[in-house]
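Trainee: My questions all concern the structure below.
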Amino acid sequence: MAQKRQFNEGKRHFKKSKKQKTSTASEGSNEEVLLADIRNLLKDVKISDDEATAGDEAVKQLPEIHAEVDLTISELSSTGDGLALENGQVYVVPFATPGDVVTARVYKHFEEESYSLADFVKVVKAGEHRTEEPKCQYFTKCSGCQFQHMPYSYQLIHKRSIVEKAYRNFSKLPASDVPTVGDTIGSPLQYGYRTKLTPHFDAPPGGRRDKRNGHKVTWPEVPPIGFMLKGTRKTMDIEDCPIGTEAVRIGMKRERKRVAENIDSYQKGATLLLRENTERIEKVAGMIEEDKETESKDEVIEDRDSFVHRKTCITDHKAVSTEYIDDYRLDNPAGAFFQNNNSILPVVTQYIRDHILEDSPEAREAVNGSSETSPKIKNMIDAYCGSGFFTITLSSMFNNSIGIDISGQSIDFASKNAKLNKLPEEGTHFIAADANHLFASVDTKKFPPAETVVVIDPPRKGCDEGFIRQLLSYGPARICYVSCNVHTQARDVGWIVGGLPGDEGPKGQYEIESLRGFDFFPQTSHVEGVAILRKTAGQVESGDGTVANDQEGDKTE
Ligand SMILES: C[S@@+](CC[C@H](N)C(=O)[O-])C[C@H]1O[C@@H](n2cnc3c(N)ncnc32)[C@H](O)[C@@H]1O
């Protein structure tokens with residue numbers, strides 16, 4: 001802690017604990033993830049405190065709400081916040097790095113959980129990781145980015161620790177079941193990467209409906225259009241966002257102007273869609289120079305060797321946006337889910353291609369002493385397939401692929417994308433259904449579990465227990481689990497490897513072969529996890545679905 005203001009000085013800053021405020025948390029939520037980090041930080045202190053003050057009824061003194069205090073940040077949480085430990089209380093401060101001394105304004109205490117939330121005010125003394133000049137003027141106010149002040153190499157190191165902690169805190173697996181987490185794979189673009197932004201604005205306070213104007217909303221002024229002000233529910237005005245692609249940033253300026261000019265046509269607040277669209281054009285001699293001359297201010301022309309990319313920004317939810325991943329073309333409803341960082345997609349698909357099939361007998365021998373390998377994988381099931389990103393980009397590796405998604409619209413686009421990319425019709429199918437019913441409709445003659453890999457890429461909340469139960473009873477040779485929430489991924493992988501809680505079903509069928517993060521979201525605390533799992537040696541089935549050897553390496557024994 002800094003010298004300026006000590007915790008045991010200046011009594012007006014402190015008050016005695018009154019009402020106990022406790023927190024609630026849902027699985028995989030930011031709050032739950034933060035709490036796990038806080039509890040770990042407190043664990044060691046609590047033990048030594050208990051020894052020192054056994055029987056002592058010490059009353060903790062906490063700063064007054066809105067008091068400014070100086071804090072020394074000891075670590076970064078998985079939510080991207082700095083954590084400082086003072087007198088047995090953890091202070092959570094955004095936009096801080098380990099080693100920083102910062103001034104923070106306390107705004108909420110959770111006394112039972114021994115932590116407090118504080119706003120970042122200023123840096124008193126910079127820690128060794130505070131080396132970068134943020135590229136965004138709104139950094140430390142906007143809630144979008146957390147890490148612009150840290151070098152990219154350190155962001156990647158931190159994200160590796162997020163994956164490690166996720167498996168330690170949420171998988172419920174013994175450490176011996178979790179392999180060393182690989183280094184985080186960085187994003188080729190660290191700014192200018194987001195192909196989608198959704199700034200928004202709120203209705204005027206109180207609705208402001210005007211009787212003289214047919215009870216229509218009247219806007220006293222153009223409202224702030226942007227993203228959330230950190231730590232509040234207020235929208236802050238944001239003119240530009242440097243993590244957006246150039247085309248999206250152009251679209252943002254255009255849309256802000258359009259909304260400002262037409263604000264009276266809105267009856268409530270709205271969310272604006274800014275989605276990059278790419279048109280790929282075969283290149284002919286002199287084209288770039290010509291295109292650059294005729295390039296409108298609403299488009300970006302990119303030279304890509306044998307072709308040109310003409311990038312624009314779509315704002316209509318129902319329009320179709322196009323992206324290229326290597327030479328695969330993916331069309332998508334502009335307002336529906338699609339991955340937001342195009343620059344890293346070829347990297348992650350190549351990684352999955354390199355790791356999705358069975359490993360070499362040597363690699364298996366090195367891991368568990370058995371050189372036995374599973375039958376060749378010929379089929380893929382893509383659960384939660386969206387508009388077919390994984391099915392299509394991995395299709396050339398498999399005889400048969402099937403994708404499933406709950407959104408009928410995404411499935412229509414997945415089928416169109418299969419045609420656009422000339423995938424063989426007989427080998428690629430998509431179904432619109434709940435993934436929980438996926439395995440009931442899988443033909444095990446066409447997709448023998450021993451010759452099938454299942455790719456899982458669910459929403460942030462992860463998979464349902466019902467899905468995991470079915471997956472375990474289907475028993476594919478390999479599983480590739482991709483997730484934008486490594487905490488729910490760790491929980492689900494824990495179920496796949498260790499069995500579902502209170503379930504008599506099979507346990508020890510799978511082991512984690514590899515685990516690592518991909519930085520889909522530079523400058524933020526989010527990380528995409530890729531876990532590759534395989535059937536344990538004793539559980540490998542022959543192609544006809546019978547277990548070849550259920551003796552060796554079966555962890556249920
Ligand atoms: C993270 S996205 C992944 C999409 C796709 N893999 C991609 O990379 O573009 C999750 C997808 O899960 C779908 N989804 C959500 N709940 C589902 C469920 N219960 N069954 C099947 N699909 C579901 C959503 O419609 C969404 O397309």
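Any Cβ shown, glycine's included, is placed from N, Cα and C.
Sharing the features that TrEMBL gives for it:
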REGION    1-30  region 'Disordered'
COMPBIAS  1-11  compositional bias 'Basic and acidic residues'
COMPBIAS  12-21  compositional bias 'Basic residues'
DOMAIN    68-107  domain 'TRAM'
REGION    197-217  region 'Disordered'
BINDING   Gln339, Tyr384, Asp405, Asp457  S-adenosyl-L-methionine binding site
ACT_SITE  Cys484  active site
ACT_SITE  Cys484  active site, nucleophile
Trainee: Apart from its near flanks, which chain residues at least 6 from the ends of the domain 'TRAM' (68-107) lie with a Cβ under 8 angstroms of it?
Mentor: 1-2, 4-5, 7-8, 13, 30, 33-34, 36-38, 41-42, 45-46, 49, 60-62, 114-130, 139-140, 146-147, 149-150, 158, 161-162, 165-166, 230-231, 487, 524-525
Trainee: Whole-number Å only: compute the distance from the Cα of Asp405 (S-adenosyl-L-methionine binding site) to the Cα of Cys484 (active site).
Mentor: 17
Trainee: Return the maximum Cα to Cα distance in Å (whole number) over the record's S-adenosyl-L-methionine-binding residues: Gln339, Tyr384, Asp405, Asp457.
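Mentor: Of all Cα pairs among the recorded S-adenosyl-L-methionine binders, the widest measures 15 Å.
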Trainee: Neighbours of the S-adenosyl-L-methionine site Gln339, Tyr384, Asp405, Asp457: Cβ within 8 Å of the Cβ centroid, same chain, sequence order.
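Mentor: Here the non-site neighbours turn out to be Phe337, Asp382, Cys385, Gly386, Phe389, Phe390, Pro458, Val482.
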Trainee: Among the binding-site residues listed here, Asp405, Asp457, whose Cβ has the fewest other Cβ atoms inside 10 Å?
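Mentor: Per-residue Cβ counts within 10 Å for the binding-site residues Asp405, Asp457 bottom out at Asp457.
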Trainee: Return the residues near Gln339 (S-adenosyl-L-methionine binding site) by Cβ distance under 8 Å, restricted to its own chain and a separation of at least 6 in sequence.
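Mentor: Result: Leu345, Phe389, Phe520.
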Trainee: Going by DSSP, how much of the domain 'TRAM' (68-107) is helix, how much is strand and how much is coil, in residues?
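Mentor: Secondary-structure breakdown of the domain 'TRAM' (68-107): 0 helix, 24 strand, 16 coil.
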Trainee: 10 Å Cβ neighbour count around Cys484 (active site)?
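Mentor: Around Cys484 (active site), other Cβ atoms within 10 Å: 19.
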Trainee: Once the chains shown are all counted, how many other Cβ atoms turn up within 10 Å of the Cβ of Tyr384 (S-adenosyl-L-methionine binding site)?
Mentor: 23
Trainee: Do me a favour and check the Cα-Cα span between Tyr384 (S-adenosyl-L-methionine binding site) and Cys484 (active site); whole Å is fine.
Mentor: 13
